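Below is one structure; the comments refer to it alone.
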Amino acid sequence: MQTTHSNPSSPSLTLGIETSCDETGIALYHSEKGLIAHTLYSQIKLHAEYGGVVPELASRDHIRKITPLIQETLKKGQVSAKDITGIAYTAGPGLMGALLSGASVARSLAFAWQIPAIAIHHMEGHLLAPMLEETQPEFPFVCLLVSGGHTMIIRVDGIGRYKLLGDTLDDAAGEAFDKTAKMLGLGYPGGPEVSKLALHGQTDRYKFPRPMVDRPGLDMSFSGLKTFTLNTWLKAKESGDDSEQTKADICRAFEVAVADTLSIKCKRALEQEGLNRLVVSGGVSANREIRAKLDALMAKRKGSAFYPRLEFCTDNGAMIAYAGSKRLEAGQFSDLNFACQPRWDLESLEPIDPIEVV
């Protein structure tokens, strides 16, 4: 990444491209007007019959969808290609083929249109997604990033100023949701199916463990909870009780255990850092139970919790366009010899001055 540009004095319009996994997201973010258009195509139906994302199919579908979605987004925003001043694209973490699908289009368009492009960390996009809302969190804050591939607690002092406080040692929370759904024979994607069934579950029938809350620190683990869930289900089936109500009760116990664990860890992080603002982002941040637990935590602390709107909890182009816009405004851009990173340390990102961010 290079930083030789000075901050532009005129308004900018950034095209954001997100293709890290199984959603193709395109958006336009204006430096003064904010988000002016976004489109999203989900590959859920494509992967449903396989019970999970097939990387090769995901890459091919991104290639088919990117250009039409860009055209649709430009039409929605009532702008033309010549109005775009920069392009932001997800360069990692994610599926390599999917990342390259978006990055190659982004770099090609930037070269053809003679405008800068910037590689964006997928999880930075999620972290900053609440900045798209009318009420934005002020720096510094603690952020819980919770998704299918990540569960991290981070101190955020500005864009690019990230300190990892806690991480999962094995499964991410979203991955545990998906695997629980598969154990119980629920549909795809699994997380929303578990949450839907949990609404009908009895709260007190099962008591699941809250992993790693009995020891100091902010790291997390969800593989043991997943195994406990499986054993509970197998015992129920052995006793002849494999009813939908039993499934619902197990889903409820599992969901509450995850929510409690995340709440306890966030409370510790806020106390440790002396902060009272909590940002919760990523696909799992849409979960009702998790939001309820964290809202209750912040209400008790007389603090504030911030979330993206539901449509921006999952992968989307808007969060990439926003993050890219802020970095491009700070004079950062990526050179033509781009590289995607299926694994990418969030703490390694270059910071921009928080004073420059509104």
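All positions are counted from 1 along the displayed chain.
Cβ coordinates are placed from backbone N, Cα and C, and glycine is handled just like the others.
Residues near His126 (Fe cation binding site) in space but far in sequence (CB under 8 A, at least 6 apart, same chain), listed by position: Leu145, Ser147, Ser281, Gly282, Pro308, Met319. If you look up Swiss-Prot, you'll see His122, His126, Asp315 marked as Fe cation binding site, on the strength of sequence analysis.
The substrate binding site feature in Swiss-Prot is assigned to Leu145, Val146, Ser147, Gly148, Gly149, Asp178, Gly191, Asn287. Applying an 8 A CB threshold to same-chain residues 6+ apart, the list for Asp178 (substrate binding site) reads Gly52, Gly148, Pro189, Gly190, Gly191.
Taking Cβ-Cβ distances under 8 Å and a sequence separation of 6 or more, the neighbours of Val146 (substrate binding site) in its chain are Met152, Ala172, Ala173, Gly174, Leu262, Val280, Ser281, Gly282, Gly283, Val284, Ser285, Ile290. Spread of the substrate binding residues is 17 Å (greatest Cα-Cα distance among Leu145, Val146, Ser147, Gly148, Gly149, Asp178, Gly191, Asn287). If you measure from the Cα atom of Asp315 (Fe cation binding site) to that of Asn287 (substrate binding site), you get 15 Å.
Counting every protein chain shown, the number of other Cβ atoms lying within 10 Å of the Cβ of Ser147 (substrate binding site) is 24.
Same-chain residues at least 6 positions away in sequence with a Cβ under 8 Å from that of Gly149 (substrate binding site) are, in sequence order, Pro93, Ala172, Gly174, Glu175.
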